[in-house]
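Enquirer: Okay, these came from TrEMBL:
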- A:28-363: domain 'Aminoacyl-transfer RNA synthetases class-II family profile' (DOMAIN)
- A:Asp87, A:Leu88, A:Thr89, A:Arg117, A:Gln131, A:Asp135, A:Arg294, A:Tyr298, A:Tyr299: L-histidine binding site (BINDING)
2 protein chains.
Amino acid sequence: MAKGASLSGFPEWLPEERVVEQQAIDTLRRIFELNGFLGIETRAVEQGSSLLKKGETSKEIYLLSRLQEVGQENDTPVEDRLGLHFDLTVPLSRYVVENSGALTFPFKRWQIQKVWRGERPQEGRFREFIQADIDVVGNGDLPEHYEVELPLVMVNAMESLRAFGLPKATVHANNRKLSEGFYRGIGLTDIEGVLREIDKLDKIGAGEVGRLLVETCGASAEQANACLRLAELSAFTGEELTHRFDDLCNECSVDANSDAYRLAHEGLSTLAMIVDESAKIRPGSVIADLKIARGLDYYTGSVYETFLDGAESLGSICSGGRYDNLASQGSRKYPGVGLSIGLSRLVSYMLHGAHAQASRISPASVLIAVWNEEDRGDSNRIARELRARGISTDVSPKAVKLGKQIRYADHLGIPYVWFPATADAEESVKNIVTGEQLPARTVSWSPDSVYAQQTVQCGGDNH
Amino acid sequence: MAKGASLSGFPEWLPEERVVEQQAIDTLRRIFELNGFLGIETRAVEQGSSLLKKGETSKEIYLLSRLQEVGQENDTPVEDRLGLHFDLTVPLSRYVVENSGALTFPFKRWQIQKVWRGERPQEGRFREFIQADIDVVGNGDLPEHYEVELPLVMVNAMESLRAFGLPKATVHANNRKLSEGFYRGIGLTDIEGVLREIDKLDKIGAGEVGRLLVETCGASAEQANACLRLAELSAFTGEELTHRFDDLCNECSVDANSDAYRLAHEGLSTLAMIVDESAKIRPGSVIADLKIARGLDYYTGSVYETFLDGAESLGSICSGGRYDNLASQGSRKYPGVGLSIGLSRLVSYMLHGAHAQASRISPASVLIAVWNEEDRGDSNRIARELRARGISTDVSPKAVKLGKQIRYADHLGIPYVWFPATADAEESVKNIVTGEQLPARTVSWSPDSVYAQQTVQCGGDNH
């Protein structure tokens, strides 16, 4: 983070760090567009009523008030005030409903934008950060195959970020129907409550979760134990998953003819398809992991979380799931499935965990020297001619001693310095990295390809 | 604007409209980087104390409050609260001061971000919009040549936006020193007051401004008249400008040996340089126009506004100037010069004035048909192989009748539909625009170059 980032939770990067973030954004956008997603941008604000409707994060909202209205804010109920969005899913569902007549469904969209969480300042928690989302939203219905394909697009996206120092990512998938079916099958009814407690497993451990299941969800010790055993199940193939699940159902006396068991198997079959299809394409990229619960209450089918090998302490860096009831218009429903990357946290890891860095600070490949201020026009002309050929070019700020001009290029990582012709010498260009100096003409010179573009290099062990 | 844009002043675009905005942003970024500017992104929020410090827009702030603190907002003075930034100049000056030890000066930066104005909703006024800024900030001093070069980078940027339907742009430049020197030379002292009234010329006309100069700035009728005559001066060359200005000084009895006259000539010489240098490079792109005043009080030298030929009603679409006192740290000053494009207003003009439109809605060049759901894996494999070659590809959402799949492609503007091999037919691809259908293989097929990328086309007369 830029040293001076003076406001806790609001990350700001130095220019050379921003290059890493910008190129990560460019990379994600490229992957999303390769996969046929349409880019949109929604406004940063939503009505309080939309923000308060859904999700665990709805408590962490920044509300807005116009300076002119200070002192009268509370005349307006929170529902009617404007607030900053805390994710890109709530805005998407509003956008889809508002524009349903103009969109082609299923609507596949990508969106990379800042979101805000109005939390108390806290070490390591961002209050402003960038999310990178993909979602597919159907009109009325949405084919199940998107629940397989979307996590794979994200696997692809995260693979492409390994060039920035990210370790291998593994998507952990579960299915709400599977969980609900099982819980009902063993006689529990407070499904949301059980999911909420199971979601705490990584934080507080099985013993404590078991206690909470008994205390707050009306579970017997045996039922609580069954929930914890379900959460322990994981599998890399559909067959393994089905076997283990049915064994557990057997042991817990779940009636294989019950509606609950049928619901569980509906979820199971989607989940099995996800791990089997992903194994064909990228073995090991997606695992069925039945402890994944996701705090947000709007998920209705598949749920996903993603962890980085060796950087599990970062928590899930890409999460999402299927939501059938988030957006509706009268009786018309817009079911969706989507995943969201918490990009700012990843960039922070790239910079400080993986030591990713820009190959240079300036986008310019070459600095044009200025012999004296009267001749600045010559240097500007050379710059214009190179820029017209697509070569990013800077011109020396001052006609000071040549050593000082070269130092300016060096500070910015600009690899070449161009010397305009003088009475004594023809035009030439010097590579200040290698020291090589050669005659050059603006109509034909190009930087060596390794110096043509700003790139991101990775100094970490994970590369 | 997307039909459903439900919140006045918060523009939102349909996906095909967003393509225009996104490509305009990409174009500006490319021009800024070609010219050696470094990209940064600052947080969306600033301390109230920074926001209140400078500029006319400081009255139009959105303040934030955490939902948890509703009802207690007013326990905190406005200066200590957080607010959304209303421009990118105030954040830049804070960023430069905070990171001065880590930056190379002069610091040339570009920044394209949303800003917010906490205004009352009003027809045609955006409360959230994108600005595209370039600035150069010096440490201690800043060479004058940047006052010539920066408007020319923006001229270059606006030329590149003509592909999106923008008419020719003309930068109107003035200089605060010139104005102040003249006003003092004719005996006026309330310089800020005079500038504030002159800034209203286009809105309320010369008669009314003359009256206000007398009423609020202590001017005699003769002095007011001199101010109005200065505001009428414009010139395309430095020579013409100097002649006209000196003639006016003569007529108004400004003492050519006074400090005031010397100050005016300091500004005049910079301004003359700006129009002469720009005429060499792009004749007619920059005009000296002495009525340009700029409302913001932090400008200390050159000021710029930019108008589009035939779309003057849009107002200035790119404004800025030199500011010597915006950022400081102890006795150390960071003088800067910069210009800012109001991009959302331009995009609105591109879409609705110039009828710019995306060549297609989807980034995908080709849709892979699906014969039946069991064979979806085949279609996905074809898509993967094409994507690996950089060809943006979508896969049919459902294995419905072929006509319906083609209609889906057609709705999204996807020009090709790929037919996987069947028992009866080899793999082929159909251009649904021309109707041509040919055998194809994933290792070698590419879309015709005209269909390779989403582009922006312009249906207006201005192209």
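Every residue, even glycine, has its Cβ placed from backbone N, Cα and C.
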Enquirer: Over the domain 'Aminoacyl-transfer RNA synthetases class-II family profile' (A:28-363), what is the model's mean pLDDT?
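Expert: Average per-residue pLDDT within the domain 'Aminoacyl-transfer RNA synthetases class-II family profile' (A:28-363): 93.
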Enquirer: Among A:Asp87, A:Leu88, A:Thr89, A:Arg117, A:Gln131, A:Asp135, A:Arg294, A:Tyr298, A:Tyr299, recorded L-histidine binders, what is the largest CA to CA distance in Å?
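Expert: That value is 21 Å for the farthest Cα pair.
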Enquirer: May I ask which residues of the same chain, at least 6 positions away in sequence, place their Cβ under 8 angstroms from the Cβ of A:Gln131 (L-histidine binding site)?
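Expert: Spatial neighbours, sequence-distant, of A:Gln131 (L-histidine binding site): A:Asp87, A:Leu88, A:Gln111, A:Ile112, A:Gln113, A:Lys114, A:Val115, A:Ser340, A:Ile341, A:Gly342, A:Leu343.
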Enquirer: If you count the other Cβ atoms within 10 Å of each Cβ, which of the binding-site residues A:Asp87, A:Arg294, A:Tyr299 comes out on top?
Expert: A:Tyr299
Enquirer: A:Thr89 (L-histidine binding site) has how many other Cβ neighbours within 10 Å of its own Cβ?
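Expert: Other Cβ atoms within 10 Å of A:Thr89 (L-histidine binding site): 26.
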